[in-house]
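Checked TrEMBL, it gives:
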type     : residues  : note
DOMAIN   : B:11-85   : domain 'Glycine transporter'
DOMAIN   : B:101-175 : domain 'Glycine transporter'
TRANSMEM : B:6-28    : transmembrane segment
TRANSMEM : B:35-52   : transmembrane segment
TRANSMEM : B:64-86   : transmembrane segment
TRANSMEM : B:98-119  : transmembrane segment
TRANSMEM : B:125-146 : transmembrane segment
TRANSMEM : B:158-178 : transmembrane segment
TRANSMEM : B:184-205 : transmembrane segment
Amino acid sequence: MPPDVFLLPPFFDYGATLCWAVSGALVGARRGYDLVGVFILALVSSTGGGLLRDGLFLQEGTPLLLRTPEYLSLVGFATACVMIFGKRLTSLPGFQRIVVLFDALGLGAYAVVGMNLSLVKGLNIPAAMLVGMVNATGGGILRSAISGREPHLFRPGKFEAVAALVGCGVYMTLRQGLATSPTVAAWITIAVVFVVRMGSVVYGVSTSAVNSFKDEWGQDRPLP
Amino acid sequence: MPPDVFLLPPFFDYGATLCWAVSGALVGARRGYDLVGVFILALVSSTGGGLLRDGLFLQEGTPLLLRTPEYLSLVGFATACVMIFGKRLTSLPGFQRIVVLFDALGLGAYAVVGMNLSLVKGLNIPAAMLVGMVNATGGGILRSAISGREPHLFRPGKFEAVAALVGCGVYMTLRQGLATSPTVAAWITIAVVFVVRMGSVVYGVSTSAVNSFKDEWGQDRPLP
Amino acid sequence: MPPDVFLLPPFFDYGATLCWAVSGALVGARRGYDLVGVFILALVSSTGGGLLRDGLFLQEGTPLLLRTPEYLSLVGFATACVMIFGKRLTSLPGFQRIVVLFDALGLGAYAVVGMNLSLVKGLNIPAAMLVGMVNATGGGILRSAISGREPHLFRPGKFEAVAALVGCGVYMTLRQGLATSPTVAAWITIAVVFVVRMGSVVYGVSTSAVNSFKDEWGQDRPLP
């Protein structure tokens, strides 16, 4: 392993994957999906960003999702938990808080993983930032797209993609500008994304719509 | 060709592809699509699962869809049939029965093709089962996703993905547990999936929703 | 570089990319998206066809989008323009005309780029035409799919995919039938697509729905 590769500690990686899988499974259950639908939503929510990163962008052979059985096992476990415990799961003391915290940690962590893999591969800075964003937010977008819904991420709301974007900027500045080691840069970035995300949630700061257009231009032009 | 590769007999492969292409084209025609829309729906319905398998999951160069002209020709032929014969096609004696039967045969067949390719590539068992499921059901999911609709596969209904899942379990047990030859395991799996699928259709057995949630948790959280 | 590779002149490539990015960003702004949503729509509209071509179909390593920073910079610039100038952008004299013209030029140009790369890779003629169509129209389809909408391209409308399809036929006839040089065939194709597309817009010629079905067949069959 080259010295500039940053690996998430397994408990962190698996914790975030499990948390995102449970979130996805709960969304599927609330929509009235059956076993298969709930599993697919859990799978895409937790591993979709990495699948897009590996399968569509970096293209270095079989995606990580398929190389080890851990991720699929975690998704299966999350699906089983939601099927068996259902609503009782969400009323566990501290459950929602844990999900929100792990979610905010995972956001920065997967952005870092995507950027780090891209830099190792020799991609330029904007490309590495794009891959980081895809890794962090692609699962949520794919989950909406695959079920025929508009991703909430596109609309004004609490900082989420914006938090990831700030983190991408911080990581690139640390790595390329200040030559910080991958591990130090990673943890600083994860902390910054966590603070921005949780600050937005706690203090209710939101993004705003870019503009309101009233003209009809572009309304129904199916541009390629 | 290594001895553990299972190949569908061409007439079977092409028959299932044609049947799925006609189904997809008919869905497009019923929605009022034009030539291009009908062709795209036929293409995605019949070859989308294999395209996801090759392009996103297995990543072994150009997808099979592009390597030979047969699949695209079949999709073109299906589109032309639907354009020329339209409703008369669906009122041919036995037409619907043939489509339902070929559909149920294809479901198991493509699950086997996906799993077999994955095992040849050395993937672990859960990963091979996932690729088998994607190969068997990915076209239908992609068809919905590409046209902004929620896949019916996610909702409770007749056994379809569940039939494919049972087949994946049977195939893996035969191959890995009982060391059955690829060809024997394939045909047993195809038969099992066919029986489960048709049994569900004939006897009206359906999956059920995982749970009904009434709390608002996760309602509009765009988790990554 | 092999002699049969056709490269778009950079000003043409970047002009079409910028134009499609601005169109996509404007669609996002009109829908009320925030910064991230507008950027993603601009990105997918302008580079989605090439990303599908490289990432899903041709599979020759990292997609072009990530190999050079130009495309991402153009998308960022387009997003910034729409954020800063908003509606005033669309009321610039000649703005809409320029967008329509560049759009019609890009349609043929990207079809040619996709077909040319496919022929260099040794794909058969139908496969190369499919890749050309994906390259030309995939961004628009992906933009709709990613935001949970049905692509307008599927419905009857002005010639767009049809214009690209005519261009694919012309290019293949010139290259494979008449052994025309890649560059000459490319410019003839771009001109033909431009004329067909603009003729359809100016004279109001549209495609028609394939058929109207009144039976319930296929209505809600989630075929794989």
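For all residues, glycine too, the Cβ spot is worked out from N, Cα and C.
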Between the transmembrane segment (B:125-146) and the transmembrane segment (B:35-52), are there at least three Cβ pairs closer than 8 Å, leaving out pairs fewer than 6 positions apart?
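In this chain the transmembrane segment (B:125-146) contacts the transmembrane segment (B:35-52) - 3 or more Cβ pairs sit under 8 Å.
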Same chain, outside the transmembrane segment (B:6-28) by at least 6, Cβ under 8 Å from its Cβ: which residues?
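Same-chain contacts beyond the ends: 37-47, 70-71, 74-75, 77-79, 81-82, 89-90, 98-99, 102-103, 105-106, 109-110, 112-113, 116, 139, 143, 182-183, 185-186.
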In the same chain, who gets a Cβ under 8 Å from the transmembrane segment (B:35-52) while lying at least 6 residues past its ends?
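Sequence-distant neighbours of the transmembrane segment (B:35-52): 17-18, 20-25, 27-29, 63-65, 71-72, 74-76, 78-79, 82-83, 110, 113-114, 134-143, 146-147.
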If you average pLDDT over the domain 'Glycine transporter' (B:11-85), what do you get?
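Its mean pLDDT is 89.
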